[in-house]
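TrEMBL annotations:
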BINDING   Cys82, Cys87, His164, His169  Zn(2+) binding site
Amino acid sequence: MSIALKQVFNKDKTFRPKRKFEPGTQRFELHKRAQASLNSGVDLKAAVQLPNGEDQNDWVAVHVVDFFNRINLIYGTICEFCTERTCPVMSGGPKYEYRWQDDLRYKKPTALPAPQYMNLLMDWIEVQINNEDIFPTSVGVPFPKNFLQICKKILCRLFRVFVHVYIHHFDRIIIMGAEAHVNTCYKHFYYFVTELNLIDRKELEPLKEMTTRMCH
């Protein structure tokens, strides 16, 4: 990453604190392996495939946390331009509007300004990945039976961040010189969720044309 990009993606811009893996744990080793693959410039399609002998839940857990950190960082770089005035609804162009529901304060799908939606989304994901009953960090503690379903919901909602950023704020990404970085992150995310069937194809529709050009 260039010096300019490091300045763009600095720790002060992070939308939420990063979730890290404890050194010495199996998940930390998987995280290092995934990072090494990316840093070596290998084919992203190959990098997302489940390594032989590894548990799928562990592999998914590592990637969900990593994508949360990365996408959180991307949104953090443009969040000052995503306001209730510029983005009064959370959308991906005129055809797609996303409504928030969390079964707590918002029991029914509710239209919200994009920054409010993003705050609720990141808060909700942070609660999930810091919940030891869902993302256990102790060796030998099993994942819950509904782990993959929870991860699918997290990834679906993270994809909506990409949709909003690409359609409404990509001009800012280009001005900051971060286009290549964001595109690589998107390709990594897309290959991962499609490799393991973790996202409904209809959710991918808003970025279908761009994805066809970028990922095939």
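For all residues, glycine too, the Cβ spot is worked out from N, Cα and C.
Other than Cys82, Cys87, His164, His169, the residues of this chain whose Cβ falls within 8 Å of the Cβ centroid of the Zn(2+) site are, in sequence order, Ile78, Phe81, Thr86, Ala114, Pro115, Met118, Val165, His168. Listed in sequence order, Tyr75, Ala114, Pro115, Met118, His164, His168, His169 are the same-chain residues six or more apart from Cys82 (Zn(2+) binding site) with CB atoms under 8 A from its CB.
The most densely surrounded of the binding-site residues His164, His169, judged by C-beta neighbours within 10 angstroms, is His164. In sequence order, Pro113, Ala114, Pro115, His164, His168 constitute the residues six or more apart from Cys87 (Zn(2+) binding site) in its chain with CB-CB distances below 8 Å.
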